[in-house]
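A.B. asks: This is the feature table in TrEMBL:
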type	residues	note
BINDING	334, 373, 374, 375, 413, 439	L-phenylalanine binding site
BINDING	415	Mg(2+) binding site
DOMAIN	239-490	domain 'Aminoacyl-transfer RNA synthetases class-II family profile'
Ligand SMILES: N[C@@H](Cc1ccccc1)C(=O)O
(Lines of atoms letter the chains of each structure in order from A and count residues from 1; the text may use other names and numbers.)
(Lines give C-alpha, C1' and ligand atoms only; values in the text may rest on other atoms or scores of the structure.)
Protein backbone atom coordinates (compact mmCIF):
# COMPACT_ATOMS: atom_id res chain seq x y z
CA UNK A 1 0.00 0.00 0.00
CA UNK A 2 1.41 3.33 -1.02
CA UNK A 3 0.95 6.32 1.23
CA UNK A 4 1.80 9.94 0.55
CA UNK A 5 3.99 11.84 2.99
CA UNK A 6 0.96 13.63 4.39
CA UNK A 7 -0.92 10.38 4.87
CA UNK A 8 2.07 8.95 6.72
CA UNK A 9 2.33 12.03 8.92
CA UNK A 10 -1.35 11.92 9.81
CA UNK A 11 -1.30 8.17 10.46
CA UNK A 12 1.67 8.62 12.78
CA UNK A 13 -0.09 11.42 14.67
CA UNK A 14 -3.41 9.67 15.34
CA UNK A 15 -3.90 6.96 17.90
CA UNK A 16 -6.63 5.24 19.93
CA UNK A 17 -8.14 8.49 21.07
CA UNK A 18 -10.15 10.60 18.73
CA UNK A 19 -8.48 13.68 17.37
CA UNK A 20 -9.91 16.60 15.50
CA UNK A 21 -8.35 17.70 12.25
CA UNK A 22 -7.32 20.85 14.06
CA UNK A 23 -5.50 18.88 16.73
CA UNK A 24 -3.76 16.72 14.11
CA UNK A 25 -2.79 19.91 12.32
CA UNK A 26 -1.22 21.16 15.54
CA UNK A 27 0.66 17.89 16.03
CA UNK A 28 1.96 17.56 12.47
CA UNK A 29 2.38 21.14 11.36
CA UNK A 30 0.26 20.41 8.31
CA UNK A 31 -2.57 22.74 7.33
CA UNK A 32 -6.03 21.67 8.48
CA UNK A 33 -7.12 21.20 4.83
CA UNK A 34 -4.09 19.00 4.15
CA UNK A 35 -4.87 16.90 7.24
CA UNK A 36 -8.50 16.48 6.17
CA UNK A 37 -7.46 15.56 2.66
CA UNK A 38 -4.94 12.99 3.91
CA UNK A 39 -7.46 11.61 6.42
CA UNK A 40 -9.98 10.96 3.67
CA UNK A 41 -7.32 9.17 1.63
CA UNK A 42 -6.51 7.05 4.68
CA UNK A 43 -10.21 6.37 5.13
CA UNK A 44 -10.47 5.17 1.53
CA UNK A 45 -7.72 2.68 2.29
CA UNK A 46 -9.44 1.54 5.45
CA UNK A 47 -6.73 2.89 7.73
CA UNK A 48 -8.77 5.58 9.47
CA UNK A 49 -12.29 6.85 9.81
CA UNK A 50 -13.40 10.44 9.45
CA UNK A 51 -16.62 11.87 10.73
CA UNK A 52 -18.19 15.30 11.06
CA UNK A 53 -18.95 16.68 14.45
CA UNK A 54 -20.47 19.97 15.43
CA UNK A 55 -19.01 21.49 18.57
CA UNK A 56 -20.35 24.41 20.53
CA UNK A 57 -17.94 26.72 22.16
CA UNK A 58 -18.17 29.94 24.13
CA UNK A 59 -16.13 32.79 22.77
CA UNK A 60 -15.65 36.27 24.16
CA UNK A 61 -17.20 39.29 22.49
CA UNK A 62 -15.13 42.43 22.17
CA UNK A 63 -16.62 43.67 25.44
CA UNK A 64 -15.84 40.30 26.98
CA UNK A 65 -12.19 40.52 25.96
CA UNK A 66 -11.94 43.96 27.54
CA UNK A 67 -13.45 42.69 30.81
CA UNK A 68 -11.18 39.64 30.80
CA UNK A 69 -8.27 42.05 30.82
CA UNK A 70 -9.53 44.81 33.11
CA UNK A 71 -12.10 42.96 35.22
CA UNK A 72 -15.89 43.18 35.21
CA UNK A 73 -17.21 46.71 35.90
CA UNK A 74 -18.57 45.64 39.33
CA UNK A 75 -15.10 44.27 40.21
CA UNK A 76 -13.39 47.45 39.06
CA UNK A 77 -15.71 49.65 41.14
CA UNK A 78 -15.67 47.34 44.16
CA UNK A 79 -11.88 47.26 44.30
CA UNK A 80 -11.77 51.04 44.02
CA UNK A 81 -14.02 51.60 47.04
CA UNK A 82 -12.27 52.71 50.26
CA UNK A 83 -13.42 50.87 53.36
CA UNK A 84 -15.57 53.72 54.66
CA UNK A 85 -17.31 53.94 51.30
CA UNK A 86 -17.38 56.37 48.43
CA UNK A 87 -20.12 58.68 47.21
CA UNK A 88 -21.66 58.19 43.81
CA UNK A 89 -20.81 61.74 42.77
CA UNK A 90 -17.11 61.11 43.58
CA UNK A 91 -17.20 57.83 41.64
CA UNK A 92 -18.69 59.63 38.67
CA UNK A 93 -15.59 61.80 38.58
CA UNK A 94 -13.29 58.78 38.46
CA UNK A 95 -15.13 56.34 36.14
CA UNK A 96 -17.04 56.54 32.88
CA UNK A 97 -20.85 56.56 33.31
CA UNK A 98 -21.26 53.23 31.50
CA UNK A 99 -18.93 51.44 33.94
CA UNK A 100 -20.84 52.85 36.92
CA UNK A 101 -24.30 52.11 35.58
CA UNK A 102 -23.39 48.50 34.75
CA UNK A 103 -21.59 48.03 38.08
CA UNK A 104 -24.43 49.36 40.28
CA UNK A 105 -26.88 46.60 39.40
CA UNK A 106 -24.35 43.80 39.72
CA UNK A 107 -22.82 45.10 42.98
CA UNK A 108 -26.27 44.90 44.46
CA UNK A 109 -27.12 41.53 42.92
CA UNK A 110 -23.83 39.95 43.96
CA UNK A 111 -23.98 41.56 47.40
CA UNK A 112 -20.61 43.20 46.96
CA UNK A 113 -21.64 46.60 48.29
CA UNK A 114 -24.10 48.34 50.58
CA UNK A 115 -25.85 51.48 49.45
CA UNK A 116 -26.35 54.25 52.02
CA UNK A 117 -27.94 57.68 51.79
CA UNK A 118 -25.64 60.35 53.25
CA UNK A 119 -26.13 64.10 52.85
CA UNK A 120 -28.37 63.70 49.86
CA UNK A 121 -25.88 61.47 48.06
CA UNK A 122 -25.68 57.70 47.62
CA UNK A 123 -22.63 56.13 49.19
CA UNK A 124 -21.28 52.72 48.23
CA UNK A 125 -19.73 50.75 51.08
CA UNK A 126 -17.74 47.66 50.05
CA UNK A 127 -18.63 44.20 51.37
CA UNK A 128 -16.44 41.08 51.07
CA UNK A 129 -16.35 40.00 47.43
CA UNK A 130 -14.83 36.64 46.63
CA UNK A 131 -14.13 35.60 43.06
CA UNK A 132 -17.53 34.94 41.48
CA UNK A 133 -18.34 32.00 39.14
CA UNK A 134 -18.79 34.32 36.17
CA UNK A 135 -15.32 35.76 36.76
CA UNK A 136 -13.94 32.26 36.90
CA UNK A 137 -15.71 31.42 33.62
CA UNK A 138 -14.40 34.57 32.00
CA UNK A 139 -10.81 33.64 32.72
CA UNK A 140 -11.30 30.01 31.64
CA UNK A 141 -12.64 31.15 28.28
CA UNK A 142 -10.08 33.88 27.77
CA UNK A 143 -7.20 31.54 28.58
CA UNK A 144 -8.57 28.89 26.23
CA UNK A 145 -8.83 26.23 28.95
CA UNK A 146 -11.29 23.35 28.66
CA UNK A 147 -14.86 24.60 28.90
CA UNK A 148 -16.30 21.40 30.32
CA UNK A 149 -16.79 22.52 33.92
CA UNK A 150 -18.37 25.89 33.25
CA UNK A 151 -21.23 26.74 35.59
CA UNK A 152 -24.61 27.07 33.95
CA UNK A 153 -25.92 30.06 35.89
CA UNK A 154 -22.71 31.99 35.32
CA UNK A 155 -22.86 31.30 31.59
CA UNK A 156 -26.47 32.46 31.44
CA UNK A 157 -25.46 35.76 32.98
CA UNK A 158 -22.49 36.21 30.69
CA UNK A 159 -24.60 35.43 27.62
CA UNK A 160 -27.28 37.87 28.77
CA UNK A 161 -24.67 40.56 29.32
CA UNK A 162 -23.31 39.92 25.82
CA UNK A 163 -19.90 39.16 27.26
CA UNK A 164 -19.76 35.76 25.57
CA UNK A 165 -21.49 34.24 22.54
CA UNK A 166 -21.86 30.62 21.49
CA UNK A 167 -19.92 29.66 18.39
CA UNK A 168 -20.70 26.60 16.36
CA UNK A 169 -17.62 24.83 15.07
CA UNK A 170 -17.70 22.05 12.51
CA UNK A 171 -14.92 19.59 13.16
CA UNK A 172 -13.59 16.53 11.40
CA UNK A 173 -12.90 13.80 13.93
CA UNK A 174 -10.27 11.30 12.85
CA UNK A 175 -9.82 7.85 14.40
CA UNK A 176 -7.37 5.12 13.46
CA UNK A 177 -8.78 1.70 12.45
CA UNK A 178 -7.29 -1.67 13.54
CA UNK A 179 -5.76 -1.99 10.05
CA UNK A 180 -4.23 1.45 10.45
CA UNK A 181 -2.88 0.57 13.89
CA UNK A 182 -1.37 -2.62 12.53
CA UNK A 183 0.41 -0.75 9.75
CA UNK A 184 1.66 1.79 12.25
CA UNK A 185 2.96 -0.99 14.44
CA UNK A 186 5.16 -2.20 11.60
CA UNK A 187 6.69 1.23 11.42
CA UNK A 188 6.13 4.07 9.05
CA UNK A 189 9.09 5.73 7.43
CA UNK A 190 8.47 9.29 6.42
CA UNK A 191 10.98 10.28 3.85
CA UNK A 192 11.44 13.64 2.21
CA UNK A 193 9.72 13.68 -1.14
CA UNK A 194 10.51 16.12 -3.90
CA UNK A 195 7.41 18.05 -4.77
CA UNK A 196 8.67 19.86 -7.80
CA UNK A 197 11.22 19.09 -10.45
CA UNK A 198 13.32 22.20 -11.16
CA UNK A 199 15.52 23.11 -14.15
CA UNK A 200 18.49 23.14 -11.76
CA UNK A 201 17.82 19.54 -10.72
CA UNK A 202 17.66 18.52 -14.36
CA UNK A 203 20.87 20.40 -15.22
CA UNK A 204 22.85 19.01 -12.31
CA UNK A 205 21.33 15.55 -12.50
CA UNK A 206 20.53 15.70 -8.78
CA UNK A 207 17.03 14.42 -9.49
CA UNK A 208 18.41 10.92 -9.90
CA UNK A 209 17.49 8.52 -7.19
CA UNK A 210 15.24 11.04 -5.41
CA UNK A 211 11.70 10.07 -4.40
CA UNK A 212 9.11 12.28 -6.12
CA UNK A 213 5.67 13.05 -4.85
CA UNK A 214 3.04 11.47 -7.07
CA UNK A 215 0.19 13.38 -8.53
CA UNK A 216 -3.24 12.07 -7.77
CA UNK A 217 -5.51 13.87 -10.17
CA UNK A 218 -8.58 12.15 -8.75
CA UNK A 219 -7.85 13.21 -5.16
CA UNK A 220 -10.70 15.11 -3.52
CA UNK A 221 -9.89 18.75 -2.95
CA UNK A 222 -11.70 21.65 -1.40
CA UNK A 223 -14.07 23.11 -3.97
CA UNK A 224 -13.40 26.70 -4.86
CA UNK A 225 -16.22 28.62 -6.49
CA UNK A 226 -14.89 31.71 -8.17
CA UNK A 227 -17.10 34.52 -9.27
CA UNK A 228 -18.55 34.05 -12.72
CA UNK A 229 -21.33 35.21 -14.94
CA UNK A 230 -24.79 34.01 -13.97
CA UNK A 231 -26.07 31.40 -16.39
CA UNK A 232 -28.89 33.73 -17.37
CA UNK A 233 -26.49 36.53 -18.23
CA UNK A 234 -24.36 34.04 -20.14
CA UNK A 235 -27.36 32.89 -22.14
CA UNK A 236 -28.43 36.47 -22.73
CA UNK A 237 -25.03 37.33 -24.20
CA UNK A 238 -25.13 34.27 -26.40
CA UNK A 239 -28.65 35.11 -27.63
CA UNK A 240 -27.62 38.67 -28.41
CA UNK A 241 -24.54 37.50 -30.28
CA UNK A 242 -26.58 34.99 -32.24
CA UNK A 243 -29.19 37.56 -33.28
CA UNK A 244 -26.50 40.06 -34.24
CA UNK A 245 -24.89 37.34 -36.36
CA UNK A 246 -28.28 36.85 -37.99
CA UNK A 247 -28.33 40.53 -38.95
CA UNK A 248 -30.52 42.02 -36.22
CA UNK A 249 -29.97 45.33 -34.41
CA UNK A 250 -30.75 45.80 -30.72
CA UNK A 251 -33.68 47.86 -29.38
CA UNK A 252 -33.57 49.64 -26.04
CA UNK A 253 -36.31 51.25 -24.03
CA UNK A 254 -38.05 51.80 -20.69
CA UNK A 255 -39.22 49.07 -18.30
CA UNK A 256 -41.94 51.42 -17.09
CA UNK A 257 -44.00 52.55 -20.05
CA UNK A 258 -47.37 53.99 -21.00
CA UNK A 259 -50.13 51.56 -21.89
CA UNK A 260 -50.17 53.31 -25.23
CA UNK A 261 -46.95 51.48 -26.16
CA UNK A 262 -47.66 48.33 -24.19
CA UNK A 263 -51.28 47.87 -25.34
CA UNK A 264 -52.96 50.50 -27.48
CA UNK A 265 -50.47 50.53 -30.34
CA UNK A 266 -50.90 46.74 -30.42
CA UNK A 267 -54.59 47.15 -31.20
CA UNK A 268 -55.58 45.84 -27.80
CA UNK A 269 -59.08 47.22 -27.03
CA UNK A 270 -59.26 49.14 -23.78
CA UNK A 271 -62.44 47.38 -22.65
CA UNK A 272 -61.44 43.89 -23.63
CA UNK A 273 -60.29 41.10 -21.31
CA UNK A 274 -57.23 40.83 -23.55
CA UNK A 275 -56.21 44.11 -21.97
CA UNK A 276 -55.73 42.39 -18.64
CA UNK A 277 -54.26 39.38 -20.38
CA UNK A 278 -50.85 40.49 -19.14
CA UNK A 279 -52.09 41.01 -15.60
CA UNK A 280 -50.05 44.10 -15.47
CA UNK A 281 -48.49 46.03 -12.56
CA UNK A 282 -49.71 49.63 -12.52
CA UNK A 283 -47.69 52.53 -11.17
CA UNK A 284 -48.98 54.58 -8.27
CA UNK A 285 -46.62 57.50 -8.73
CA UNK A 286 -46.39 58.87 -11.30
CA UNK A 287 -49.59 57.41 -12.61
CA UNK A 288 -49.53 58.84 -16.12
CA UNK A 289 -47.03 59.60 -18.84
CA UNK A 290 -46.82 63.32 -19.57
CA UNK A 291 -47.16 63.24 -23.30
CA UNK A 292 -47.93 60.96 -26.20
CA UNK A 293 -47.17 61.68 -29.86
CA UNK A 294 -50.21 63.62 -31.09
CA UNK A 295 -50.55 62.28 -34.59
CA UNK A 296 -50.03 58.68 -33.66
CA UNK A 297 -52.59 59.04 -30.86
CA UNK A 298 -55.30 60.32 -33.19
CA UNK A 299 -54.63 57.55 -35.70
CA UNK A 300 -54.68 54.86 -33.02
CA UNK A 301 -57.95 56.31 -31.73
CA UNK A 302 -59.46 56.15 -35.22
CA UNK A 303 -58.39 52.57 -35.86
CA UNK A 304 -59.60 51.43 -32.41
CA UNK A 305 -62.97 53.15 -32.80
CA UNK A 306 -63.86 52.51 -36.45
CA UNK A 307 -60.92 50.81 -38.14
CA UNK A 308 -59.60 54.01 -39.76
CA UNK A 309 -59.03 53.41 -43.45
CA UNK A 310 -57.98 49.80 -43.01
CA UNK A 311 -61.34 48.40 -44.05
CA UNK A 312 -61.66 46.94 -40.54
CA UNK A 313 -64.61 47.88 -38.33
CA UNK A 314 -62.34 48.56 -35.37
CA UNK A 315 -63.57 47.78 -31.87
CA UNK A 316 -66.54 50.11 -32.11
CA UNK A 317 -66.17 51.92 -28.77
CA UNK A 318 -64.89 55.25 -27.41
CA UNK A 319 -61.13 55.15 -27.09
CA UNK A 320 -59.85 56.99 -24.02
CA UNK A 321 -56.47 58.70 -24.15
CA UNK A 322 -56.33 58.80 -20.36
CA UNK A 323 -56.17 55.00 -20.20
CA UNK A 324 -53.44 55.00 -22.84
CA UNK A 325 -51.42 57.37 -20.68
CA UNK A 326 -51.41 55.06 -17.63
CA UNK A 327 -47.95 53.89 -16.62
CA UNK A 328 -47.28 50.17 -16.11
CA UNK A 329 -44.33 47.83 -15.74
CA UNK A 330 -44.14 46.46 -19.26
CA UNK A 331 -45.68 43.01 -19.53
CA UNK A 332 -43.87 42.34 -22.77
CA UNK A 333 -41.09 43.94 -24.74
CA UNK A 334 -43.45 44.35 -27.69
CA UNK A 335 -43.69 47.88 -26.24
CA UNK A 336 -40.17 48.39 -27.62
CA UNK A 337 -41.27 47.11 -31.01
CA UNK A 338 -44.21 49.55 -30.84
CA UNK A 339 -41.77 52.40 -30.18
CA UNK A 340 -39.28 51.38 -32.87
CA UNK A 341 -41.91 50.91 -35.57
CA UNK A 342 -42.64 54.62 -35.25
CA UNK A 343 -39.04 55.39 -36.26
CA UNK A 344 -38.03 52.59 -38.63
CA UNK A 345 -40.89 52.48 -41.10
CA UNK A 346 -39.10 51.64 -44.32
CA UNK A 347 -38.16 48.04 -45.19
CA UNK A 348 -35.96 46.16 -44.79
CA UNK A 349 -35.54 46.19 -40.98
CA UNK A 350 -34.54 43.58 -38.41
CA UNK A 351 -34.59 44.37 -34.70
CA UNK A 352 -34.37 42.48 -31.42
CA UNK A 353 -34.14 42.94 -27.66
CA UNK A 354 -33.37 40.67 -24.70
CA UNK A 355 -34.83 42.40 -21.67
CA UNK A 356 -36.89 41.92 -18.49
CA UNK A 357 -40.69 41.96 -18.47
CA UNK A 358 -43.12 41.86 -15.54
CA UNK A 359 -46.38 40.02 -15.10
CA UNK A 360 -48.63 39.66 -12.12
CA UNK A 361 -48.69 35.87 -12.46
CA UNK A 362 -48.88 33.24 -9.76
CA UNK A 363 -45.38 31.92 -9.21
CA UNK A 364 -44.93 28.25 -9.98
CA UNK A 365 -42.55 25.86 -11.73
CA UNK A 366 -42.80 27.68 -15.03
CA UNK A 367 -43.81 31.21 -14.02
CA UNK A 368 -42.03 34.10 -12.36
CA UNK A 369 -43.20 37.68 -11.86
CA UNK A 370 -40.18 38.88 -13.75
CA UNK A 371 -38.57 37.13 -16.67
CA UNK A 372 -36.60 37.85 -19.81
CA UNK A 373 -38.10 38.09 -23.24
CA UNK A 374 -36.32 37.69 -26.53
CA UNK A 375 -38.26 40.08 -28.71
CA UNK A 376 -37.75 40.44 -32.45
CA UNK A 377 -39.26 41.63 -35.66
CA UNK A 378 -38.51 41.66 -39.36
CA UNK A 379 -39.96 44.11 -41.85
CA UNK A 380 -39.92 43.51 -45.59
CA UNK A 381 -42.02 43.86 -48.69
CA UNK A 382 -43.12 40.28 -48.85
CA UNK A 383 -42.93 38.02 -45.81
CA UNK A 384 -44.83 34.87 -44.94
CA UNK A 385 -45.32 32.45 -42.07
CA UNK A 386 -42.53 30.39 -43.64
CA UNK A 387 -40.13 33.24 -42.98
CA UNK A 388 -41.31 33.31 -39.39
CA UNK A 389 -40.91 29.56 -38.84
CA UNK A 390 -37.59 29.57 -40.72
CA UNK A 391 -36.27 32.30 -38.46
CA UNK A 392 -37.04 30.20 -35.37
CA UNK A 393 -35.49 27.09 -36.91
CA UNK A 394 -32.33 29.03 -37.68
CA UNK A 395 -32.22 30.72 -34.27
CA UNK A 396 -32.81 27.62 -32.15
CA UNK A 397 -30.51 25.46 -34.30
CA UNK A 398 -27.66 27.72 -33.20
CA UNK A 399 -28.35 26.43 -29.68
CA UNK A 400 -28.44 22.84 -30.85
CA UNK A 401 -32.25 22.68 -30.66
CA UNK A 402 -33.76 21.11 -33.74
CA UNK A 403 -37.12 19.83 -32.55
CA UNK A 404 -39.68 22.60 -32.78
CA UNK A 405 -43.46 22.53 -33.05
CA UNK A 406 -45.83 25.30 -34.04
CA UNK A 407 -49.42 25.78 -33.00
CA UNK A 408 -51.92 28.38 -34.22
CA UNK A 409 -53.00 30.85 -31.54
CA UNK A 410 -54.69 34.23 -31.14
CA UNK A 411 -53.19 37.66 -30.46
CA UNK A 412 -55.11 40.91 -30.92
CA UNK A 413 -52.16 42.34 -32.86
CA UNK A 414 -51.08 39.44 -35.09
CA UNK A 415 -52.86 37.36 -37.70
CA UNK A 416 -51.93 34.58 -38.25
CA UNK A 417 -50.34 33.86 -34.87
CA UNK A 418 -48.15 30.96 -33.82
CA UNK A 419 -47.04 29.46 -30.55
CA UNK A 420 -43.61 27.86 -30.62
CA UNK A 421 -42.84 24.69 -28.65
CA UNK A 422 -39.54 22.96 -27.88
CA UNK A 423 -38.83 19.56 -26.36
CA UNK A 424 -37.81 19.39 -22.72
CA UNK A 425 -34.84 16.97 -22.60
CA UNK A 426 -35.76 15.36 -19.27
CA UNK A 427 -39.53 15.04 -19.34
CA UNK A 428 -39.73 14.72 -23.13
CA UNK A 429 -42.72 17.06 -23.08
CA UNK A 430 -43.12 19.88 -25.58
CA UNK A 431 -43.02 23.16 -23.65
CA UNK A 432 -44.04 26.55 -24.94
CA UNK A 433 -41.04 28.74 -25.65
CA UNK A 434 -42.69 31.67 -27.36
CA UNK A 435 -45.45 33.40 -29.24
CA UNK A 436 -45.36 35.10 -32.63
CA UNK A 437 -47.20 36.22 -35.74
CA UNK A 438 -47.61 38.72 -38.55
CA UNK A 439 -48.72 42.14 -37.42
CA UNK A 440 -52.26 43.00 -38.46
CA UNK A 441 -53.03 45.94 -40.67
CA UNK A 442 -54.89 47.56 -37.76
CA UNK A 443 -51.62 47.61 -35.87
CA UNK A 444 -49.46 48.83 -38.76
CA UNK A 445 -51.86 51.39 -40.27
CA UNK A 446 -51.38 54.13 -37.62
CA UNK A 447 -47.66 54.10 -38.44
CA UNK A 448 -48.40 54.25 -42.16
CA UNK A 449 -46.56 50.94 -42.66
CA UNK A 450 -47.79 49.02 -45.68
CA UNK A 451 -45.27 46.18 -45.98
CA UNK A 452 -45.13 42.96 -43.96
CA UNK A 453 -43.83 42.64 -40.39
CA UNK A 454 -43.29 39.32 -38.65
CA UNK A 455 -42.64 39.45 -34.91
CA UNK A 456 -42.18 37.31 -31.81
CA UNK A 457 -41.54 37.13 -28.10
CA UNK A 458 -39.57 34.16 -26.77
CA UNK A 459 -38.82 33.33 -23.14
CA UNK A 460 -35.14 33.25 -22.31
CA UNK A 461 -35.71 31.08 -19.21
CA UNK A 462 -37.59 28.47 -21.25
CA UNK A 463 -34.72 28.29 -23.73
CA UNK A 464 -32.42 27.60 -20.76
CA UNK A 465 -34.80 24.95 -19.43
CA UNK A 466 -34.39 23.05 -22.67
CA UNK A 467 -30.64 23.55 -22.76
CA UNK A 468 -29.94 22.51 -19.17
CA UNK A 469 -32.86 20.27 -18.42
CA UNK A 470 -33.88 21.88 -15.15
CA UNK A 471 -37.58 21.70 -14.51
CA UNK A 472 -38.31 24.49 -12.06
CA UNK A 473 -37.75 28.03 -13.24
CA UNK A 474 -37.23 29.03 -9.61
CA UNK A 475 -33.96 27.08 -9.59
CA UNK A 476 -32.57 29.70 -11.89
CA UNK A 477 -33.28 33.01 -10.27
CA UNK A 478 -35.07 34.45 -7.30
CA UNK A 479 -34.68 33.63 -3.61
CA UNK A 480 -35.18 29.87 -4.07
CA UNK A 481 -32.49 29.42 -6.71
CA UNK A 482 -30.48 26.21 -6.68
CA UNK A 483 -27.05 27.47 -5.68
CA UNK A 484 -25.30 24.19 -6.47
CA UNK A 485 -26.78 24.15 -9.94
CA UNK A 486 -25.67 27.74 -10.54
CA UNK A 487 -22.19 27.02 -9.21
CA UNK A 488 -21.67 23.92 -11.31
CA UNK A 489 -22.70 25.43 -14.63
CA UNK A 490 -19.65 25.33 -16.91
CA UNK A 491 -18.11 28.70 -17.67
CA UNK A 492 -17.67 27.82 -21.34
CA UNK A 493 -20.77 27.68 -23.48
CA UNK A 494 -21.39 24.12 -24.59
CA UNK A 495 -23.06 23.56 -27.91
N1 LIG B 1 -46.00 39.88 -26.88
C2 LIG B 1 -46.17 38.46 -27.01
C3 LIG B 1 -45.19 37.87 -27.96
C4 LIG B 1 -45.37 38.36 -29.34
C5 LIG B 1 -44.61 39.40 -29.82
C6 LIG B 1 -44.78 39.87 -31.11
C7 LIG B 1 -45.73 39.26 -31.91
C8 LIG B 1 -46.51 38.23 -31.44
C9 LIG B 1 -46.33 37.80 -30.16
C10 LIG B 1 -45.97 37.80 -25.63
O11 LIG B 1 -45.57 38.47 -24.73
O12 LIG B 1 -46.19 36.61 -25.48
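The backbone N, Cα and C atoms fix where each Cβ goes, glycine too.
Please treat TrEMBL annotations as automatic predictions, because they have not gone through curation.
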A.B. asks: Would you count the other C-beta atoms found within 10 angstroms of the C-beta of residue 413 (L-phenylalanine binding site) for me?
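C.D. replies: Around residue 413 (L-phenylalanine binding site), other Cβ atoms within 10 Å: 22.
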A.B. asks: Measuring Cα to Cα across 334, 373, 374, 375, 413, 439, which the record gives as the L-phenylalanine binders, how far apart are the two most distant ones in Å?
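C.D. replies: Spelled out: the longest distance between any two Cα atoms in 334, 373, 374, 375, 413, 439 is 18 Å.
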A.B. asks: For a Cβ distance below 6 Å to any atom of ligand 1, name the binding-site residues from 334, 374, 415, 439 that qualify, or say none.
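C.D. replies: Checked binding-site residues vs ligand 1; flagged 334.
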A.B. asks: Got a sec? Which of these binding-site residues, 334, 373, has the most Cβ atoms within 10 Å?
C.D. replies: 334
A.B. asks: Please report the DSSP secondary structure of residue 334 (L-phenylalanine binding site), reduced to three states.
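C.D. replies: SS state of residue 334 (L-phenylalanine binding site) = helix.
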A.B. asks: Can you tell me the mean pLDDT for the domain 'Aminoacyl-transfer RNA synthetases class-II family profile' (239-490)?
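C.D. replies: Here the predicted model's pLDDT, averaged over the domain 'Aminoacyl-transfer RNA synthetases class-II family profile' (239-490), is 93.
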A.B. asks: Taking Cα atoms as reference points, rank the binding-site residues 334, 373, 374, 375, 439 by distance from the residue listed as 'Mg(2+) binding site' and give the first.
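C.D. replies: Result: the closest of the binding-site residues to the residue listed as 'Mg(2+) binding site' is 439.
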A.B. asks: Just name the most isolated of the binding-site residues 375, 415, going by other Cβ atoms within 10 Å of its Cβ.
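C.D. replies: Each of the binding-site residues 375, 415 was scored by Cβ atoms within 10 Å; lowest is 415.
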A.B. asks: Mind giving me a neighbour count for residue 439 (L-phenylalanine binding site)? Other Cβ atoms within 10 Å of its Cβ, every protein chain shown.
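C.D. replies: Its Cβ has 24 other Cβ atoms within 10 Å.
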A.B. asks: Looking only at DSSP and grouping its letters into three states, which state does residue 375 (L-phenylalanine binding site) belong to?
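C.D. replies: The three-state answer is strand.
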